[in-house]
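Colleague: Below you'll find the structure I mean.
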């Protein structure tokens with residue numbers, strides 16, 4: 001009798017397991033289906049609560065008729081804030097108003113619970129962490145810091161600016177305005193020294209990947225956090241070398257020479273949550289899904305990724321140095337070098353036009369502020 005009860009309970013447990021597994025798999029497939037639609041087809045859009053959006057929204061879920069005026073409820077909410085005062089929740093509130101699918105909660109950096117994050121677990125880099133568990137675990141076991149600095153974490157309201165590398169920054173004298181922000185994010189190896197008048201002198205985060213990292217240790221700002229954006233598995237391997245101060249091999253799958261040393265102690269190093277790359281690419285910009293793999297024209301630029309990160313982690317968001325003007329092919333591409341605008345047309349991975357459309361939506365709806373007016 002006892003054996004029959006045991007077998008019955010075992011079968012019930014097995015059935016329950018199979019049902020739950022089927023439901024989980026079905027939900028996952030439905031979730032992927034929304035991204036796998038052809039980029040030219042109509043995509044059903046839902047808000048963050050799963051409700052279908054109406055015809056007043058575009059295929060991605062953005063409001064079609066964007067207005068620079070604040071929605072009435074937000075105008076009332078922020079009416080009593082003085083000019084220049086930081087407005088808590090401002091960027092995310094406006095983002096949700098024009099894009100109801102937006103859901104703010106998302107950690108800025110990977111922490112020791114990263115393997116529990118379903119949104120990134122099933123995707124390989126750059127859209128997730130699949131296959132990178134051991135490397136990431138080894139890195140985090142040494143860095144042991146997963147947040148902003150305590151001083152920044154304690155702020156009731158955070159004003160952030162993403163400083164792009166665009167030539168539009170030259171001769172704008174925006175340096176002092178940039179330095180007024182609580183968090184100043186810089187990208188790749190864009191220099192500060194010698195350009196302070198236009199780009200400021202403050203750096204809070206420097207987000208990069210191995211090929212984009214500064215190669216001379218003296219170029220790094222002393223008080224900034226070094227943040228890896230992992231676009232391929234070799235990037236995580238490179239960061240492990242850096243954190244453990246091991247020798248970096250130049251032949252480890254990089255498309256150009258990389259830094260062999262980063263003058264930062266492990267607690268000053270972070271790994272960007274790859275969800276922001278995934279969200280920017282497929283949800284906000286609408287790049288081809290390509291089965292969740294890196295492919296032609298489906299990788300967002302680091303600038304758009306940083307903006308996406310800021311929408312989740314900051315109360316107010318601004319940009320400077322953004323925007324490519326393809327009508328002026330001989331204009332400088334970056335503020336610090338002589339490479340011309342035409343070079344960006346040769347990009348295999350980016351879709352500059354789609355990104356421009358995304359950023360223009362944010363500027364028009366006042367979700368972000370464009371200090372250099374390049375977007």
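In case you wondered, yes, glycine gets a Cβ from its N, Cα and C as well.
Straight from Swiss-Prot, here's the annotation block:
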type	residues	note
DISULFID	160-314	disulfide bond
CARBOHYD	80	N-linked glycosylation site
CARBOHYD	171	N-linked glycosylation site
TOPO_DOM	1-8	topological domain 'Cytoplasmic'
TOPO_DOM	29-375	topological domain 'Lumenal'
TRANSMEM	9-28	transmembrane segment
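Each of the listed features needs to be described in terms of its position in the shown structure.
Modeller: In the three-state DSSP reading, residue 160 (disulfide bond) counts as strand.
The secondary structure of residue 80 (N-linked glycosylation site), as reduced to three states from DSSP, is coil rather than helix or strand. Here residue 80 (N-linked glycosylation site) comes close to no residue that lies at least six apart in sequence on the same chain with a C-beta under 8 angstroms from its C-beta.
Its own atom aside, the Cβ of residue 171 (N-linked glycosylation site) has 10 Cβ atoms within 10 angstroms in the protein chains shown. DSSP gives residue 171 (N-linked glycosylation site) a coil state; it is part of no helix or strand.
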Colleague: Count the other Cβ atoms sitting within 10 Å of the Cβ of residue 314 (disulfide bond), across every protein chain shown.
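Modeller: Taking all protein chains shown, residue 314 (disulfide bond) has 27 Cβ neighbours within 10 Å.
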Colleague: Return the residues near residue 160 (disulfide bond), defined as same-chain residues 6+ apart in sequence whose C-beta is under 8 angstroms from its C-beta, sorted by sequence, else 'none'.
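Modeller: In sequence order, 181, 182, 183, 184, 185, 310, 313, 314, 316, 317, 318 meet the Cβ cut-off.
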Colleague: If you average per-residue pLDDT over the topological domain 'Cytoplasmic' (1-8), what number do you get?
Modeller: 59
